[in-house]
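**Student:** One structure, as C-alpha cells, below. Some questions next.
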Amino acid sequence: MRLSPAPLRLSRGPALLALALPLAAALAFSDETLDKVAKSEGYCSRILRAQGTRREGYTEFSLRVEGDPDFYKPGSSYRVTLSAAPPSYFRGFTLIALKENREGDKEEDHAGTFQIIDEEETQFMSNCPVAVTESTPRRRTRIQVFWIAPPTGTGCVILKASIVQKRIIYFQDEGSLTKKLCEQDPTLDGVTDRPILDCCACGTAKYRLTFYGNWSEKTHPKDYPRRANHWSAIIGGSHSKNYVLWEYGGYASEGVKQVAELGSPVKMEEEIRQQSDEVLTVIKAKAQWPSWQPVNVRAAPSAEFSVDRTRHLMSFLTMMGPSPDWNVGLSAEDLCTKECGWVQKVVQDLIPWDAGTDSGVTYESPNKPTIPQEKIRPLTSLDHPQSPFYDPEGGSITQVARVVIERIARKGEQCNIVPDNVDDIVADLAPEEKDEDDTPETCIYSNWSPWSACSSSTCEKGKRMRQRMLKAQLDLSVPCPDTQDFQPCMGPGCSDEDGSTCTMSEWITWSPCSVSCGMGMRSRERYVKQFPEDGSVCMLPTEETEKCTVNEECSPSSCLVTEWGEWDDCSATCGMGMKKRHRMVKMSPADGSMCKAETSQAEKCMMPECHTIPCLLSPWSEWSDCSVTCGKGMRTRQRMLKSLAELGDCNEDLEQAEKCMLPECPIDCELSEWSQWSECNKSCGKGHMIRTRTIQMEPQFGGAPCPETVQRKKCRARKCLRSPSIQKLRWREARESRRSEQLREESDGEQFPGCRMRPWTAWSECTKLCGGGIQERYMTVKKRFKSSQFTSCKDKKEIRACNVHPC
C-alpha cells in the first residue's frame, strides 16, 4: 500500500530560518496544514517543499558569519556564508534572521536586513520578503549574502538556515545551521581583549579607507561648537601585532597626545615611521573643516593602504575639534580571515574616546592637563553632567562617524582562490599593479584611449575598457604586456536609492537655434541634485546638443554671423539664474539692410540647490599672530564670502581657530617685604640704621633681576657731652666695665652691670653672596641681680655688613 507523503511545515517556534526549494512536482497539503497557513495571516508562512523527514547532517553544512563574532554592532554589515563540505551539496535553501524568542509570524519579529550579493544565486522570497532563498534550483556548495545588523536596543538575534539536498532529504534550523549574535555594548566597543591570530593569507591585499563624519549640530545639538568644528587629519598605518598605535586600556603616546590635544599628526607619523619593520603602509587623509557638510559625504576623505601576512592589522585616529582630548578611530582591526583570505569590507560606526591627557569635560574646556596621565577609554553618556554626550538615563552615545574599509585589489598568489562573489573577478583586475608601471622599455605604446561606455545598460555592475596600440617592439625576446585595460563600473539608469549613483534634475528647455536661417545647433542642460553617497564621481551627462533647422530660408537679406561664443558663468551660484552668450556679424546682408540675426542670447540656468554645495568663498587668510606673547594661546584665520547677495545665507565657517605655543613667559624676581629698621649703631652722635628683605623667587626665562636687599640710612643720637660730670660717668662706666670683665673671667658667662650674660652666638650666614648683605648675632641674659640699679640688663643684638663686593 502506497502512502501519500505528508507535507512538512517549518516550525514557528524559535526557529528563525527556513529553506524552500520550488520543485516541478505538485504537492498535496493536508487540510490541517492549510488551516495553519491561513491562521498565520500570510506573513512568512513558510512551507518546506520537501517530501521526507528531516535528516541529521550538521557536520556537512554550516552557517557562518565572517570573523565568527559572538556580538554585532548595530548598523554594521556582516558577510554570511552558507556552505556544504565536499562532496556534499545543496539545491535549495532559505535564510532568515529573527529576534531571540520570537516566532516570526509578525513583521516586528524580524531583525536586520539582508543584501543580495549575486542575483544569479540568491533572491528574496516572494511570500516572505525578509528571507533569502535560491534564484534557481541547482547543485551548489556555497552562497553568500550581507546582513545589516539592526538598530540599538534590538537584543540578541538568531540566524537560521534550512537546506534541501534532494526532494526527499532536507536539513533544518538546528546545530551548525544556526548562529546566535547578541548586541555589543557600545561602552565596551573595542575594550574587550580579543586574541589576534597569526594570519595565514597569501599575497597582499589593497584597501581603501573612507571616513564619513556624522558629528553635526543636528545629530549632537548640546553645546555644539559652531565655530572651528572640524576633524583633524587622519593618521594611522597597517602594522603587525607587535606594534600598537593606540588601544583601550593603554596609555597615549606623545604622538597620540598631540593628535588628541592639538590635532597635529606630525609626531604620530614620526612614531609610526620609526617602526618601519612592523609597519607596511602609513595611512594619511586630509582634515575636514567644518566637521560636517555635504561635500564631506560626496567626497569623503579617503586613503589607500596595503596589508600582508605579517602586517595584517590596521589602526588610525582623528581628533574631534575643538575638544579636550577626544578622538575616534580603529585599533588593530584585523583584515585577515580564518579561511586564509582577505576581508572584503568592514563598516564600523565610531563613538569618541578620551586619550587620558586632559581633564576637560566640554568641547571648549580650558586646558587642564591630567596628572598623572590616565588610560585611554571610550566616552559614555554618564561621564559628567556638563558633557555634551550626557544622558541621565545612561543611553548609548549617538555615533559621530562611520568608517568604511573596502578591499580594492589582491596581488600575488592567493591561498583562498574562491572569489567572494562574482564581482571580485572585476574588482581584482590589476588596479594594484597599475601603481607601478612595469612596461618594458623595449615596448613603445600609443596613449590610452578614453574609457568605453559601461558594459551594463542598466543599473548594474559592469566593465569598461580602454585600449592602446603597440607601436614598436624593439626586442622580440621581451614580451609586451596587455594593450587592453579593464575597470569596474555601474551602468546608467540607477534609482535614487542606489548610494553609488546620481540624482539628476529634469532637463531645462532647449536653447534657441544657433542660426537665424538654415541648419544650426541647440542645447539643453540639467544639474546634479544629489551626488553619490559613496563619494564617487557622477558620470551622467549634464548637457545635450542636437541639430536644429530654422524654417526661414536664407535670402539676400540674411547676414553671415560667427558661431556663438561660450556661455558666461551663471549669474547665481545656487538655484536659478541667468547666463548670456554672444556672437558677431561676419558679413552684412548683400542688400545693405540691417542684420536681423541675434547677436546675444540669454537663458535661464540652474545651479545645484542652495546649501547643497559649499559656499563660494575666498581662500583662507594667513594665520594671525598668537593671542599671547608667551606661553599657550590661540590664533585665527578668516575667509570671506565672494558672492553673498546671490548665495543668500551661508552656513560655512568664516573663521578658524587653533592652539599656538610660544616660549615660556618671563618670571620676575620676587622679594619679601622690608624688615623694620635696626637700632642706630651709635649711642651718641651720628650713626646709621639698616633694614633688609629676602629673595623669594629667583628670576627665570629672562625675567627682571633682583634689586637691592639691604638699605641704610643715617641716624643721630644725643650729642656726645664732654662735661666733667660726663667724664666722671665714663670713668665710672669704665671701672664697672673692668669689674664686669673680671667677673666674666671668673664665671662661665658674661656679666653686665646688674646681670650675667651668655656668650655671643656665632654670626649668622650672610643674606647675599655678593652686592652687600648682613649678618646677625645675639647675646641673651643668663641672670639678673636683685640689687642692681642698672637698666641695661637686656638681650643684645649686633648687625654687620658682609659680602660687600659687587656681583
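Glycine too: its Cβ is placed from the backbone N, Cα and C atoms.
The following feature annotations were taken from Swiss-Prot:
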- Cys44-Cys128: disulfide bond (DISULFID)
- Cys156-Cys182: disulfide bond (DISULFID)
- Cys200-Cys340: disulfide bond (DISULFID)
- Cys202-Cys415: disulfide bond (DISULFID)
- Cys443-Cys480: disulfide bond (DISULFID)
- Cys459-Cys494: disulfide bond (DISULFID)
- Cys502-Cys538: disulfide bond (DISULFID)
- Cys513-Cys517: disulfide bond (DISULFID)
- Cys559-Cys595: disulfide bond (DISULFID)
- Cys615-Cys650: disulfide bond (DISULFID)
- Cys626-Cys630: disulfide bond (DISULFID)
- Cys660-Cys665: disulfide bond (DISULFID)
- 29-194: domain 'Reelin' (DOMAIN)
- 195-388: domain 'Spondin' (DOMAIN)
- 501-555: domain 'TSP type-1 2' (DOMAIN)
- 558-611: domain 'TSP type-1 3' (DOMAIN)
- 668-721: domain 'TSP type-1 5' (DOMAIN)
- Asn214: N-linked glycosylation site (CARBOHYD)
- Asn681: N-linked glycosylation site (CARBOHYD)
**Student:** Out of Cys156, Cys182, Cys202, Cys513, which of these disulfide-bonded residues is nearest Asn681 (N-linked glycosylation site) by C-alpha distance?
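**Tutor:** Going through Cys156, Cys182, Cys202, Cys513 one by one, the closest to Asn681 (N-linked glycosylation site) is Cys182.
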**Student:** Roughly how many Å separate the Cα of Cys630 (disulfide bond) from that of Cys660 (disulfide bond), to the nearest whole number?
**Tutor:** 10
**Student:** Please list residues from the chain of Cys513 (disulfide bond) whose Cβ is under 8 angstroms from its Cβ, counting only those at least six apart in sequence.
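**Tutor:** The answer is Gly520, Met521, Arg522, Cys548, Thr549, Val550.
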**Student:** In which DSSP state, out of helix, strand and coil, do we find Cys660 (disulfide bond)?
**Tutor:** strand
**Student:** Which secondary structure state does DSSP assign to Cys182 (disulfide bond), in the simple three-class scheme?
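**Tutor:** DSSP call for Cys182 (disulfide bond): strand.
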**Student:** By Cβ count within 10 Å, point out the most packed of the disulfide-bonded residues listed: Cys128, Cys626.
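**Tutor:** Answer by Cβ density within 10 Å: Cys128.
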**Student:** Once the chains shown are all counted, how many other Cβ atoms turn up within 10 Å of the Cβ of Cys595 (disulfide bond)?
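**Tutor:** Taking every protein chain into account, the count is 17.
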**Student:** Secondary structure at Cys443 (disulfide bond) (DSSP, helix/strand/coil)?
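**Tutor:** In three-state terms, Cys443 (disulfide bond) counts as strand.
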**Student:** I'm checking region-level scores; what's the whole-number mean pLDDT for the domain 'Spondin' (195-388)?
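**Tutor:** Summing pLDDT over the domain 'Spondin' (195-388) and dividing by its length gives 87.
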**Student:** Here the glycosylation sites are Asn214, Asn681; which one has the lowest number of other Cβ atoms no more than 10 Å from its Cβ?
**Tutor:** Asn681
**Student:** Just name the winner among Cys200, Cys415, Cys480, Cys559, Cys630 (the disulfide-bonded residues) by count of other CB atoms within 10 A of its CB.
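**Tutor:** Result of the Cβ crowding comparison: Cys559.
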**Student:** Which one is it, among the disulfide-bonded residues Cys156, Cys517, Cys626, that lies nearest to Cys559 (disulfide bond) by Cα separation?
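**Tutor:** Smallest Cα separation from Cys559 (disulfide bond) among Cys156, Cys517, Cys626: Cys517.
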**Student:** Expressed to the nearest Å, what is the distance separating Cys128 (disulfide bond) and Cys156 (disulfide bond) at their Cα atoms?
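**Tutor:** Pair distance, Cα basis, whole Å: 21 Å.
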**Student:** Rank aside, I only need the closest one: which of the recorded positions Asn214, Cys595, Cys626, Cys660 has its C-alpha nearest to that of Cys415 (disulfide bond)?
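**Tutor:** So, of the listed recorded positions, the one sitting closest to Cys415 (disulfide bond) is Asn214.
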